[in-house]
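Below is one structure, written out as structure tokens, with a few remarks after it.
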Amino acid sequence: MPRQLLSGTVLLGAAFLLAGSTSGSKLKVPVLSVNGRQHVVQAGQTLNLTCRGEMLHSWSLPEALSKDSKRLNVTKYACGRNGTQFCSTLTLSRTQANDTGRYSCRYPTSPVKKKRESIVYVFINDTSNPFVEMHSDIPKIIHMTVGKEMIIPCRVTAPNIAVTLKKIPRETLIPDGKTIIWDNMRGFRIPEATYRFIGLLSCETTIGGHKYSTKYLTHRETNTIFDIKLSTPRLVKLLKGDSLAINCTVKAAWNTRVQMTWTYPGEAMKRGSVTQRIDQKNREANVFYSILVIDKVRDIDKGQYACHVKSGPSNKLVNTTVIVYDKRFINLKRRRKTMLEAVAGRKSYRLPMKVKAFPSPEVTWLKDGLPAAEKCARYMVKNYSLIIKDVAEEDAGNYTIILSLRQWNLSKNLTVTLKVNVKPQIYENAVSSFPDPNLYLLSSKQVLTCTVYGIPPPKITWMWYPCRQNHSKTRRGFCSRTDGSFNLKTGSNIGNRIQSIIERTAIIEGKNKTASTLVVAEAKSSGIYSCVASNKVGKAERNVSFLVTDVPSGFHISLEKVPIEGENLVLSCSANKFMYKDISWILPRTVTNQTKARKALNKEYSITLTLTIRNVSLAHSGTYTCRARNIFTGKEVLQKKDVSIRAQEAPALLRQLMDQTVNTSNSAMLECQVHGIPEPQITWFKNHEEIQQESGIILGPGSRMLFIERVKEEDEGLYQCIATNLKGSVESTAYVTVQGTVERSNLELITLTCTCVAATLFWLLLTLFIRKLKRPYFSETKTNHYLSIIMDPDEVPLDEQCECLPYDASKWEIARERLKLGKSLGHGAFGKVVQASAFGIKKSPTCRIVAVKMLKEGATASEYKALMTELKILIHIGHHLNIVNLLGACTKNGGPLMVIVEYCKYGNLSNYLKSKRNFFSPTKDPSLQGELMKDKKGIEPVEGKKQRLASVTSSESFASSGFQEDKSLSDAEEDEEDAAELYKLPLTMEDLISYSFQVARGMEFLSSRKCIHRDLAARNILLSENNVVKICDFGLARDIYKNPDYVRKGDARLPLKWMAPESIFDKIYNTKSDVWSYGVLLWEIFSLGASPYPGVQIDEDFCSKLKEGTRMRAPEQATEEIYQIMLDCWRSNPNERPWFSELVKRLGDLLQASVQQEGKDYIPLDTIFTAESGFPPASDPLCNEKFPVPSPNCRSTERARYINTFKIKPPQRIKTFEELPIKEKLVFNDYQADSGMVLASEELKRFTWTGSKQKWTLFGMKGVSRSKESGLSGITKPRSFCSFSCDQLSESKRRYTYGNTVLEKMKACHSPPPDYSSVVHYSQPSI
């Protein structure tokens, strides 16, 4: 910028006077002593410039020339005529190159608006310094803005110097007068700068062969502000006297200059101090900081604090609010009402609280008294709110927020209740998401059920959609929902008459479920029944395709009669019209062109296609197939009929007529026994005259019999029968002689008639009485989980319910000729179990040993239905490794009904454990096992069997039993030898835990299939190959209270020792009652087959103590962990007992710890454990990695124990039964044997939960207990069943007598054979 030199004060007064005198005239521009716009002076010379003007004036000099320079001198004086003008002379001695620039003379003020000045540009010519400013080493920064003018100030010291502009490294910028303009007074001028000029520029010139250059670096300015933020939150809470520090941080682009300022309440009083700094270490942006600090805040400092940032046209601000409190406090209020509601399935739900506190308190949320965040990983505490992720039904409860300032002893808490509403769920939909359409027999009574759960309890509505036929080409006959629907009520006659709609509610698995039962009185119309369950959060719908059929099974071939050659063959193929279409016949190759198939007859419920073949011959025998297409699946379905044409045969006498002598008034009968094809026509003759049927003469069916009532003398004569058909005729004769008189009294006839009438009435009454006695009673717990709360047993019989379960003959039917029945394995009330060899099980070409359940001879129809019901239930349950699985059945006519299940050759677990009492070892002894394995060549070691079982994966659990090792006949013969070898092996703690774990897995599966066992005990656990145990007798549909075959069939009793209290007193059976029984089963296992409650009299006192919480002591071989599991299973409150899934996990952990302590993994169970649970096997490399949370298969075994070397003391709050001391004549009840059947249902009716204080004896006669503990507890060893060896007993043959009953210890010591040694009862509890 040019500098101004003010004039001296000597002439100041005169100047103002003169200015006043000339104010009225126009001033002239000051005049310089040099002419032109530029003037050249050689370097080192003196520059003289004189300015003459009409006013006092001043000089403006180049920026590099200082006014204080000693080389500069300005002289001011009056000049002109009479001194009326002002002159000043500027003298600059020893001029230099940087003195080059603009020199101007101007008036300091002007009476007119327009300024007046005279300018001359002076060049100081210096050949050694051609540029006024030299920047050779460090370039000068030039700020540029794209699109605006930019000056590159490479000014020269002489007007005629040629300058070249270059952009380093190689580009030369040539002035073109437009984009680049050269000005020797200013340098290079660029009117509109672009990105082209960004970079390092150089001005170059050459003088006297020497090259000179000066460099400039262009700098593009921006106004980009990336981010602005404060170090404090939007709301800052402080206590009086606290310090406040707010840091305002700005991120801006490179080449951006920012200006940061603060506005705050104490700004006027300068309450705060501000410090600023810049951080250019960031490669992406410059970071600017402005920090406002107030040492001790007061009330005046509360308010809004704002940080303002400006860069060119860009303006931004960020603010925060500061609140100053006088003291610390907590205020807590609800934002909403006390009862909050959420919907299950919601992704997130917030429990809000209105909190005002200082300072911020510690926040704790409790759910039902326990820390919420620890209780569930889905709970998150954010600020003062609790956020529940993926809301579930179990999230309902009481939530308490606790705010505390422990340092100052301040706290507040508030509780709200969360209700989780659940959309209606229909459990039948869960069982079958896409149910196949059901066929219902015409005029039959049908029951439809809908089991619903929801919160609040849903309203259930039944709708009816009549069928309409969709006449499209591809789905003709398909029954689809119509637009019109009808609301159904009891007594509705729309479509089908509704007999009743009943709703029942029950608590199942802790949920209050409602079941609605729709009873269709008579199936007449096809359509869709829709069960709609709705509440305020949603609705669910279940559609049941109700297709009425007059054809058995919906697709059937009927044959009018067995054809004879020469007759017509008529076959009718009928199919339900809503299920099938495109019916056609497939004929044997031998059938010729005389075949005639009529056009399909479309009836109300079905389509019938009749096939007629006239004048058939033997060649027409064969298989006739009717083909139809299933409308729903699109698959072709075939129905076959084997037709055998019978050849014609001439009549032949099977027996000749015999001469008879008949008394008068008696009756005579002649029978013409002939055979022929076709059936011969029989004609009777007397004395060669044809006999016609008339009063007193009766011709039997087909005229085969001739019956003469009250024979007379004239009936005597020669009787002849002639049998004739197309092939010929045959005859036979006999003479009937009549003797005696006709003098008889009519009293004989009257007496005979009355006797017949009386006998008929007596027989009718006897028949009705017997049928009433055999009428089945039905329980309140049915075969299906859904039926358990649905049907009134008196209203819908069990067999009718189970008729709804399907039986797929193509999958399960096995020809009887493929079975070779063997020895008997057991028997029940009306059935028996036999061993059999089966060929072709699951299409295998080899033989397999199986167990076959069948009825005894003389079984009734109801018993047949019961076994058929069991078959259907077993199919419904499915397959699992640890249950006795169904393999097939024989149901077709022509033989007995047989249910084929897996054969477990080692018998039941109870007998097996008893046989191993003398061979129990806590750990495995490899040397002992090796010795036993050497005794028989070719026997696979136990470890080898486990390795073989490792190939069994859980993927087969629903398709097979887990064992695909079908045996040949030679293998079957070695079963007993293999069983004997198993009895030689010692029993270990690992085996006991393994049995417990497997039973828990099997029960977990059964409970998942909604199956309740109700008689879970060691006698109902069978031992199979590879130490695999299987649960049996779980699929029997029978009510133990109402069925007379079970309750009072001889001395059969209820399994009281294994029953839960709620089952004993209230007859409640569910999964949790099975858990109780499982705890008793654990006691049996770890007592090595002992009878539960040893030495305890099973009477009312026992039941009362059981209700009060008295439990069994720990068995001898149980560890603390095992006994704790038993106590958990025996909790009085069923809801507090663990689920079977929890028991599987706990026992799986114990089993894994047990086997790993021996340095190996349990291969069979580990395989199953890995496939189903997702845990890695212990041999998996993943186990070698460091997991933050240990896997059950990778955990340490340091805490594992095998044997209870000391007496386990139960918790003090658990009372245990004390064993009764043995007295000389102590007699125990006979019903404490291992069969476990005690107390008939009539006696159970006397018990209630409140109990009776009066003690009375349940049994009048007492017998000897066959259990170790009850009969021999005082004289036997703790581990051995016998105090003597079997050899010693055989020599001494000692017998111990109690009362009148003798217990042979020889039998007690003898190991049972590898067979089913217990009775298999069919009359078991239902699921």
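Note: Cβ is positioned from N, Cα and C throughout, glycine not excepted.
Check Swiss-Prot against the ranges 92-113, 950-971, 1192-1213 and you find region 'Disordered' recorded for 950-971.
When Cβ atoms from all protein chains are considered, those within 10 Å of D1015 (active site, proton acceptor) total 23, not counting its own. With helix defined as DSSP H, G or I and strand as E or B, the domain 'Ig-like C2-type 4' (331-417) counts 10 helix, 53 strand, 24 coil. DSSP assigns D1015 (active site, proton acceptor) to coil, not to a helix or a strand. Summarised by DSSP class, the composition of the domain 'Ig-like C2-type 2' (120-222) is 3 helix, 50 strand, 50 coil.
Across the domain 'Ig-like C2-type 5' (424-545), DSSP assigns 5 helix, 71 strand, 46 coil.
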